[in-house]
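Copied over from TrEMBL:
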REGION    1-59  region 'Disordered'
COMPBIAS  15-24  compositional bias 'Basic residues'
COMPBIAS  25-39  compositional bias 'Low complexity'
BINDING   T111, D185, E210, K240, D244  substrate binding site
DOMAIN    245-406  domain 'S-adenosyl-L-homocysteine hydrolase NAD binding'
BINDING   G276, E277, V278, G279, K280, G281, E297, N400  NAD(+) binding site
Amino acid sequence: MVIQFADQKREFNKRPTKIGRRSLSRSISQSSTDSYSSDSSDDETSPRDKQQKNSKGSSDFCVKNIKQAEFGRREIEIAEQEMPALMALRKRAQGEKPLSGAKIVGCTHITAQTAVLIETLGALGAQCRWAACNIYSTLNEVAAALAESGFPVFSWKGESEDDFWWCIDRCVNVEGWQPNMILDDGGDLTHWIYKKYPNMFKKIKGIVEESVTGVHRLYQLSKAGKLCVPAMNVNDSVTKQKFDNLYCCRESILDGLKRTTDMMFGGKQVVVCGYGEVGKGCCAALKAMGSIVYVTEIDPICALQACMDGFRLVKLNEVIRQVDIVITCTGNKNVVTREHLDRMKNGCIVCNMGHSNTEIDVASLRTPELTWERVRSQVDHVIWPDGKRIVLLAEGRLLNLSCSTVPTFVLSITATTQALALIELYNAPEGRYKQDVYLLPKKMDEYVASLHLPTFDAHLTELSDEQAKYLGLNKNGPFKPNYYRYLNFFILITF
């Protein structure tokens with residue numbers, strides 16, 4: 001069986017790599033005039049060519065500008081206020097240091113929220129080295145703040161393809177330090193170690209993966225008998241699927257589209273490709289804003305859900321000429337092909353809400369007959385010879401983290417799940433987990449949820465002994481069997 005990973009064949013949507021290009025480094029989330037991310041002559045130099053040190057004299061990092069650290073620290077402090085479970089985890093486990101001796105190499109989005117996770121892992125005893133899983137989602141000031149705090153971070157907004165892999169390699173290939181845990185988002189880090197440093201897996205205790213793309217790769221390895229360490233599938237945990245994938249995307253899809261295009265949603269025709277949790281969130285938000293929403297889907301169960309939620313199920317080629325917005329969220333490749341792009345109407349907006357940049361065939365647009373025109377940060381007009389143009393957002397990469405921000409509270413749920421998965425795999429006795437892919441135990445899912453309830457001043461009802469016996473449950477949970485499906489029903493408000 002041949003397993004294809006996204007390595008040199010990966011569709012990275014080739015970008016100019018010359019050092020002289022100006023980085024699109026300004027965080028869209030920041031409106032303060034106090035920002036350190038504004039354009040300057042310093043932005044002309046690639047971070048790889050800079051000699052930077054933090055206040056402690058360390059140079060084991062590569063960020064856009066270490067001088068942005070103070071501003072990034074303020075962003076992290078704001079995020080901490082909306083991440084109660086991680087802060088509670090720090091307090092509860094700090095004395096025990098459950099990750100003492102753990103050497104975690106991570107590849108995720110580098111935002112204020114993931115910075116809180118990284119610093120929590122450090123507080124729990126772990127040593128961490130970090131790179132970004134997306135070339136556009138890094139907040140430069142946050143990366144600088146982490147580097148200033150002593151975390152080896154290799155990331156900046158607007159990396160080239162070569163930069164992307166170089167940063168991952170700098171995290172992994174370091175003298176006198178070898179990881180024993182992996183935290184991945186998309187599978188690129190795991191793939192890089194398999195490809196370049198396979199012997200490292202002799203000391204690695206486990207992999208924690210949070211994206212559908214990365215999980216798919218792990219299951220491929222497992223099926224082929226090539227997965228040599230236990231892996232935890234965080235993406236399919238209840239707390240990730242039902243909160244991050246759904247509620248996060250329900251809010252951030254509107255934010256990303258609004259910030260990049262300033263469009264009005266009422267009356268617009270939108271096709272959402274995929275009706276998983278991400279697609280459900282996107283459809284609910286757009287319908288609530290008055291958009292006419294179509295759905296494409298391959299799974300008859302998800303398709304039936306879409307129909308019963310009031311959406312018309314179509315094939316993409318049936319509506320491609322008439323829609324105003326095309327949104328992909330399938331985790332697949334070539335969902336929107338060049339043929340679809342050629343048939344779109346003038347001004348159609350095309351974007352992706354899935355993790356991977358393979359859903360839209362952007363590479364097919366880089367041909368001599370088409371003109372690319374940069375309109376603003378992360379917004380390109382692709383112009384056909386007859387004058388027709390489409391609006392491509394983030395070059396087909398993840399819209400919300402590339403072009404806007406995401407709700408911090410929801411990311412607290414996912415980050416806490418990741419932290420507990422790392423603790424579980426790192427401390428598990430030998431033999432508990434074999435070389436396979438596992439779901440987070442239901443008890444941990446419930447624990448993550450319970451840590452967030454105090455924010456709402458919520459009060460759980462407790463079972464009596466008689467009730468618990470009647471249901472055959474432990475009074476402290478877990479309260480649902482592993483096969484239980486937590487379904488979502490939307491109340492759509494039309495403004």
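Cβ atoms here come from the backbone N, Cα and C positions, even for glycine.
Each of the binding-site residues D244, E297 was assessed for Cβ neighbours inside 10 Å, and the highest tally belongs to D244. The binding-site residues G276, G279, G281 differ in how many other CB atoms lie within 10 Å of their CB, and the one with the most is G279. Per-residue pLDDT, averaged over the domain 'S-adenosyl-L-homocysteine hydrolase NAD binding' (245-406), rounds to 94.
Across T111, D185, E210, K240, D244, which the record gives as binding substrate, the greatest C-alpha separation is 18 Å.
Binding residues for NAD(+) (G276, E277, V278, G279, K280, G281, E297, N400) extend across at most 22 Å, taking the greatest CA-CA distance. Cβ neighbours of T111 (substrate binding site) (same chain, under 8 Å, six or more residues apart in sequence): A79, S137, T138, L139, V142, L401, T405, V406, L411. Between K280 (NAD(+) binding site) and D185 (substrate binding site), the C-alpha separation comes to 21 Å.
There are 28 other Cβ atoms within 10 Å of the Cβ belonging to V278 (NAD(+) binding site). Here the CA atom of D244 (substrate binding site) lies 9 Å from the CA atom of V278 (NAD(+) binding site). Put simply, D244 (substrate binding site) is 12 Å from N400 (NAD(+) binding site) when counted between their Cα atoms. Here is what falls inside 10 Å of the CA of E277 (NAD(+) binding site) among the binding-site residues D185, E210, D244: D244. Annotation for D185 (substrate binding site): same-chain Cβ neighbours under 8 Å, separated by at least 6 residues, are C107, T108, H109, C133, E209, E210, S211, G214, H355.
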